[in-house]
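A.B. asks: Mind looking over this structure? Questions follow.
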């Protein structure tokens, strides 16, 4: 794989992993419509690991306290664990089903329309007043289920989790903070699963230079994506991403029908 394609995929992975526009949907889109092969197991592994890095940097205070299970953040650690449970169950039981059922480009387009609708709905109907400390176990479970549904290409992981929090009345900062903290172990876990597959097939597919470059660009683009999304959330302009999802979704459906 040429270096510029590795850089491109790294940037796409970092941006779409955290912006509420569906990373899986865009990867399917670029693979099918632009002829870019994303079926590089080794690269996928390190792109996933690369996107964990900005979460660790931006939310380091929370991450450090969670890792060391500090008493003052024990409540947050438990909420993260509770949220991971339904995500893991859905991923283990239904990943192959959804991957086979919803892997067509046209269906990705329809799912992006759904993502846009949910983003728009959350911005218009939500009553943001709860802080993250007010989150209960059932709230975390609902967010975890929403994250699990993001295995459907075209459904955004960050979008679904943020929407799930907003529709339960949590403020924007709480929704974003919990979404990104919940994403880190899930993304890291997905990377470990892919690493197992890569080890079984061999790691000779790419040079270490390509792997390092792809990881760096995934981390850098992921960092700026998180910062930008936090800015958009605080400005109350989440509908920007809804319009984007609608436009891209309609374009995908039209192009899929033509070709």
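For all residues, glycine too, the Cβ spot is worked out from N, Cα and C.
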A.B. asks: Of the residue ranges 1-21, 127-147, which one carries the transmembrane segment annotation in Swiss-Prot?
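C.D. replies: Per Swiss-Prot, the stretch marked transmembrane segment is 1-21.
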A.B. asks: For the transmembrane segment (1-21), could you work out the same-chain residues 6 or more beyond its ends whose Cβ comes under 8 Å from its Cβ atoms?
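C.D. replies: Same-chain residues near the transmembrane segment (1-21) but 6 or more away: 27, 30, 36-38, 40, 43, 47-48, 50-51, 54, 112, 115, 119, 156-159, 162-163, 180, 183, 187, 206, 209-210, 213-226, 228-229, 238, 241, 244-245, 248.
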A.B. asks: Which range wins on Cβ pairs under 8 Å with the transmembrane segment (179-199): 40-60, 75-95, 101-121, 206-226, 239-259?
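C.D. replies: Result: 40-60.
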A.B. asks: Hey, which of 40-60, 206-226, 239-259 has the most Cβ-Cβ pairs under 8 Å against the transmembrane segment (101-121)?
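C.D. replies: Answer, by Cβ pair count: 239-259.
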A.B. asks: Looking only at residues six or more beyond either end of the transmembrane segment (239-259), which have a C-beta under 8 A from one in the stretch?
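C.D. replies: For the transmembrane segment (239-259), the sequence-distant neighbours (Cβ-Cβ under 8 Å, at least 6 residues beyond its ends) are 19-22, 29, 33, 104-106, 108-113, 115-117, 119-120, 123-124, 154, 156, 159, 232.
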A.B. asks: Using Cβ atoms and a strict cutoff of less than 8 Å, what residues sit near the transmembrane segment (206-226) while being 6 or more residues removed from its termini?
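C.D. replies: Distal contacts: 1, 3, 6-7, 9-19, 40, 42-43, 46-47, 49-51, 53-55, 57-58, 180.
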